[in-house]
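As structure tokens, the structure follows; a few thoughts come after it.
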There are 2 protein chains.
Amino acid sequence: MGLIVQKYGGSSVSDAESIKRVAKRIVEARRAGNDVAVVVSAMGDTTDELIDLANQVTPLPPSREMDILLTAGERISMSLLAMAIANLGVEAQSFTGQQAGVITDDEHGKARIIDVKATRIREALAEGNVAIVAGFQGVTEHTNDVTTLGRGGSDTTAVALAAGLDADVCEIYTDVDGVFTADPRIVPSARKIDRITYEEMLDMAASGAKVLMLRCVEYARRHGVPIHVRSSFSGHEGTLVTDEPYEGEGQMEQPIISGVAHDSSEAKVTVVGVPDVPGTAARVFEVVAEAGVNIDMIVQNVSAAQTGLTDISFTLPADDGARATAALEVAKDALGFASLQYDDTIGKLSLVGAGMKSHPGVSAKLFGALRDSGINIEMISTSEIRVSVVTRSDQLADAVRAVHTAFGLDSSEGEAVVYGGTGR
Amino acid sequence: MGLIVQKYGGSSVSDAESIKRVAKRIVEARRAGNDVAVVVSAMGDTTDELIDLANQVTPLPPSREMDILLTAGERISMSLLAMAIANLGVEAQSFTGQQAGVITDDEHGKARIIDVKATRIREALAEGNVAIVAGFQGVTEHTNDVTTLGRGGSDTTAVALAAGLDADVCEIYTDVDGVFTADPRIVPSARKIDRITYEEMLDMAASGAKVLMLRCVEYARRHGVPIHVRSSFSGHEGTLVTDEPYEGEGQMEQPIISGVAHDSSEAKVTVVGVPDVPGTAARVFEVVAEAGVNIDMIVQNVSAAQTGLTDISFTLPADDGARATAALEVAKDALGFASLQYDDTIGKLSLVGAGMKSHPGVSAKLFGALRDSGINIEMISTSEIRVSVVTRSDQLADAVRAVHTAFGLDSSEGEAVVYGGTGR
């Protein structure tokens, strides 16, 4: 018994039947004696349909109006969910981001939550209601304009509301059973992780694990909100994301490796024949940054002595590839490079685990496993609790399986699980 | 040049193309130097689709949640319309009922407007924006909850906003050219009325003319807002509803008759064999009123001397027929009547005209026209500026044509017009 915030994504409320099923689950939590606040996304493909409508009207929708349009989606799902709960005999009220006190900055389309003044939600809970809150949306403090939070927005709403209400846990319901040691579509023997730290989850999310968005985990860590990632299709316990040290049964210490993440959405740009003098790299990446592109990994070759030239490679989201290369071409003479190479057939594998801090040899074991499988490593980057390598994209799945096995992550039961993407 | 409020119904904004066409018309009014505020309904069938969704979730949707659900419809249309206007190079901002300061009572689903505090709309106009306001919705003063206004709500929003802004005119755009002397689908020679008083328009609306809702005309009369009913599909002048005396060209005085309205949505209940003693009628209509049914016309027969019994007939909306007869059956013994007769094959014809106040003989002429066409009159009711009669429903169209001709309302040109229903 306590105060629970639950979040359901678009795929969990895609039609009337699934809304009724979610309502039943919420009512169970309420009848078990908990206070329950629920954050909900727009139904199924509603958001995409609304974007399509806007594009039919204008190629350049003003962002303020786009936010008003998109927030209609949660308005529909939240009121229907409140109705479905009321139909089961439990009082429920729905609230817009504004009514729930979700205050944001005024960056329409990608606003950040400044504060959650959840007075009305607290009152609704105190009166015994289930409170349904629209995910993905907020309101600016002074102009009272509607904003949306961008990708991963509803998860962030849920965590922020849990922080604002000082909830015991924030349950993120999705279409998988939790966070896995690898993507089960690639590694059928992947195991569900029972517990993971914020830091590890951040590195998993940043390395391509899609089950939780980075910003939501960041918010949870900053405010100490425990997240429970679980399936809306089963009653299983999921994955608990928290900062408490792991104390599993019969296990004396934290496992060294939490999981293997992969990401095939990146591309590699190589700037060929750059003068190998101080400041060159800085100028290259200034040009890329001015184009609004975030880069991930960077490798600079050793200079060939006789030419005084070198090559710089970096990875970036493939979606930003055209923008970055166009900016570099414009600056070609100023930067003095010979040519650009663009390669979107790369894959990135990341091994994440807080235990590797105190266990040397993790990188060596990783490289060995890849070598034994005949997989070439093109780039390497490491952090305190993560090692990432770039391979050919068509070798990525083999690489993930090899590393997963080498680090003893394979499930003995070989359980079958279903894995899919998450809603916003 | 002045301040114009325009209102577009759901059929005028049913898809992206029609939204763009409406945007063009708005931009024309703005570029002509006017300040323009626009009230818009939900797109096409959106509202019905949302009601359908709610019914899939629960047979009894709580009215507060139903209002949140339905107001998603205007959110979509208003933001798309603002985008379409911006795409034509004119600044536009959309506002919810709450943002526009439409304050209502807390009767969810049929709220009444208490006040319009249009500060934000005034600011938006002063900054040169076109302001788009969601029709059909408002917000409660103290709890900040979303309400909807019920049938005819968007027209009422437009008139209330025009009153709150002290606008020069409220233009109601619809799919017909204005208010006609009769429904052109029945009377092809019906003429568009150039100007009509609030009182006449109220009687026309109450008698079945669907082009403007009663409550919107009532609001306009109370606040002195001139309404211009016109087509969103043509550039023609429509019908001006105002309290100014008519001064048409070459016309020395007001026409005696404005138009002929008809209504085939009513039914007739006859309470047979009621004791003809004082208080009987009162008790019958108390029972009907307690069932929440509004009645229209009443006729009581002369008592048959030998029995001391009489019959009472009244008309009511056919939709309320089952409720009224059920309530009367329950009270049968207390009221002491013999039996009930129910007839939903009646039609009502109403002749409306402020000029009939000073022109005796209008009723006689009406009855004569019906007699000459072989049409029997079953009930009669009159007000200062209206005469209504009940006929068989299958004779109603003939009756309307006969009366229209008898009072010289037929157009000499015999122009063809298209007539349809209006949105909410």
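Cβ atoms here come from the backbone N, Cα and C positions, even for glycine.
Where the annotation comes from TrEMBL, it is an automatic prediction and has not been curated.
Predicted, not measured: the structure shown is a model, and the values here were computed from it.
What TrEMBL records for A:Lys7, A:Tyr8, A:Gly9, A:Gly10, A:Thr174, A:Asp175, A:Arg185, A:Lys210, A:Val211 is ATP binding site. Secondary structure at A:Lys7 (ATP binding site), taken from DSSP and collapsed to helix, strand or coil, is strand. Note on A:Lys7 (ATP binding site): other Cβ atoms within 10 Å of its Cβ, all shown chains, come to 30.
In the three-state DSSP classification, A:Glu74 (substrate binding site) falls within a helix. For A:Thr47, A:Glu74, the entry in TrEMBL reads substrate binding site.
Broken down with DSSP, the domain 'ACT' (A:269-345) shows 28 helix, 25 strand, 24 coil. If you look up TrEMBL, you'll see A:269-345 (among others) marked as domain 'ACT'.
When pLDDT values are averaged over the domain 'ACT' (A:351-424), the model yields 83. According to TrEMBL, the feature domain 'ACT' maps to A:351-424 (among others).
Taking A:Lys7, A:Gly9, A:Thr174, A:Val211 as the binding-site residues under consideration, the smallest Cα distance to A:Thr47 (substrate binding site) is found for A:Gly9.
Under DSSP, A:Thr174 (ATP binding site) is assigned to a strand (E or B) in the three-state scheme. Look at A:Thr47 (substrate binding site): DSSP puts it in a helix.
The distance from the Cα of A:Arg185 (ATP binding site) to the Cα of A:Glu74 (substrate binding site) comes to 30 Å. Summarised by DSSP class, the composition of the domain 'ACT' (A:351-424) is 30 helix, 14 strand, 30 coil. Note: the CA-CA distance between A:Thr174 (ATP binding site) and A:Glu74 (substrate binding site) rounds to 17 Å. Annotated pair A:Lys7 (ATP binding site) and A:Glu74 (substrate binding site), C-alpha to C-alpha distance, rounded: 12 Å. A separation of roughly 10 Å, to the nearest angstrom, links the Cα atoms of A:Gly9 (ATP binding site) and A:Glu74 (substrate binding site).
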